[in-house]
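Asker: Here it is: the structure, laid out below.
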Amino acid sequence: MSSTNQVFIAVIGAGGVGKCFLSQLQGLAARKPSPKLSLAYISTSRKALYNDDYAAIDLNNVVDTLATSSKSPLALPKVVDYLAAAPSKVILVDNTSSQDVAELYPLALSRGISIVTPNKKAFSGSYKLWQDIFTAASSSGAKVYHESSVGAGLPVISSLKDLIETGDKVTKIEGVFSGTMSFLFNSFAPTSGQGGKWSAEVKKAQSLGYTEPDPRDDLNGLDVARKLTILARLAGLPVESPESFPVQSLIPKELESCSSGDEFLEKLPAFDSQMEEVKAEAEKAGKVVRFVGSIDVPSKSVKVGLEQFDASHPIAALKGSDNIINFYTERYGSNPLIIQGAGAGGDVTAMGVTSDLIKVLGQIA
Ligand SMILES: NC(=O)c1ccc[n+]([C@@H]2O[C@H](COP(=O)([O-])OP(=O)(O)OC[C@H]3O[C@@H](n4cnc5c(N)ncnc54)[C@H](OP(=O)(O)O)[C@@H]3O)[C@@H](O)[C@H]2O)c1
């Protein structure tokens, strides 16, 4: 089979997003006879499936087959060796949130393996890793796409790239980048009505599965800071790391040392008055408070934290756990280009991964 007629796919990670991706891959493979998409490797952190002769792994019930596999995953550099020796082009799909897998990208790309991923770690870690990734890709010609690393399947990264590549000047990017923060503030400080107590809203968000098991992992602002790091770098700012700009944490100092998320939630009501003050101050100004990230390109300033908005502002009027991203550019003038919708969930996140895969296929096959 000639190289353009077959592309090997390797998948690391088969959790919430990975399972949805595998189902979308199966549909894509059935709809798209050429190039033939062959699953050559799949693993979680404990199990793997692969064949030494690269024979395709059946996509039917692959998650169940993987769960009962007796093979362990190859060590990460060995995964690269195995894939680089495949008899056709390879796309590696990283559906983990692993830093170790992220650090493998420069090696994989330098050996001609393209990458698509929703994993933020590689693009929001050190600026050196970012440079190593894109240098490796440009010297080998392998492709790297990560749409779902910001706003899940929402076309945030592709839109930003389109704006820049067509010659528009992006002046400011501002938005709500966390489904958790969106849910919390839309119910704590709604544009009409009272809203609940802060601690009660955090507890509710956790019980609905909108927060990480320990809500402090959302409230520390780091997840939003990682997404801002990615967008700022794409907009041309050499941001060193997500710790290199101001990020407001919503964890009271006294609760930083709680030994568990449960202990944190138990003690949080004692700090409700702090958040009530923030809400009351915004109300006095006729506004509502929201947790936003913003990038001001001309002044090279990036920040994450609480801001006040008029009730009529699109950021204030957001519903549920949606994300919203506003791009202010020369062409769009004072009315920004707005992208809004679900910023989390297996199916929509996997959609971003699958559409990246389709883009790579269009360029390598
Ligand atoms: N879920 C969303 O709504 C959403 C939205 C946007 C972006 N994302 C991003 O999508 C990625 C996947 O999220 P998820 O919700 O699917 O996570 P998840 O349910 O925790 O699944 C992670 C998967 O990765 C595997 N894994 C972790 N470390 C690994 C390693 N070193 N080697 C091999 N496999 C490894 C896990 O295997 P084990 O179970 O064996 O550990 C598991 O199968 C993350 O980067 C996340 O930030 C998710």
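Glycine residues also receive a Cβ, built from the backbone N, Cα and C atoms like all the rest.
Just so you know, TrEMBL annotations are computer predictions that nobody has curated.
Copying in the features that TrEMBL gives for the protein in this structure:
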- K227: active site, proton donor (ACT_SITE)
- G13, A14, G15, G16, V17, G18: NADP(+) binding site (BINDING)
- T96, K120: NADPH binding site (BINDING)
- E212: L-homoserine binding site (BINDING)
- 13-147: domain 'Aspartate/homoserine dehydrogenase NAD-binding' (DOMAIN)
- 155-358: domain 'Homoserine dehydrogenase catalytic' (DOMAIN)
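Could you give the neighbours, burial and distances for every feature on this list?
Answerer: K227 (active site, proton donor) is surrounded by 27 other CB atoms, counting those within 10 A of its CB over all protein chains shown.
Taking the Cβ of G15 (NADP(+) binding site) as centre and 10 Å as the limit, one finds 14 other Cβ atoms among all the protein chains shown.
Neighbours of T96 (NADPH binding site), defined as other CB atoms within 10 A of its CB across all chains, total 23.
Within 10 Å of the C-beta of E212 (L-homoserine binding site) we count 14 further C-beta atoms, all protein chains included. Under the three-state DSSP scheme, E212 (L-homoserine binding site) falls in the coil class.
Counted with DSSP, the domain 'Aspartate/homoserine dehydrogenase NAD-binding' (13-147) comes out as 60 helix, 23 strand, 52 coil.
In the predicted model, residues of the domain 'Homoserine dehydrogenase catalytic' (155-358) average a pLDDT of 96.
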Asker: Around the NADP(+) site (G13, A14, G15, G16, V17, G18), what further same-chain residues have their C-beta within 8 angstroms of the site's C-beta centre?
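Answerer: For the NADP(+) site, the extra neighbours are K19, C20, F21, N95, T96, G346.
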Asker: Looking at the recorded positions V17, E212, K227, which have a C-beta within less than 6 Å of some atom in ligand 1?
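Answerer: List returned for ligand 1: V17.
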Asker: Please compare the binding-site residues G13, G16, G18 by how many other CB atoms fall within 10 Å of each one's CB, and tell me which has the fewest.
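Answerer: G16, out of the binding-site residues G13, G16, G18, has the fewest neighbouring Cβ atoms within 10 Å.
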Asker: When you measure from the Cβ of K120 (NADPH binding site), how many other Cβ atoms are you left with inside 10 Å?
Answerer: 20
Asker: Among the binding-site residues listed here, A14, V17, which has the most company in the form of other Cβ atoms within 10 Å of its Cβ?
Answerer: V17
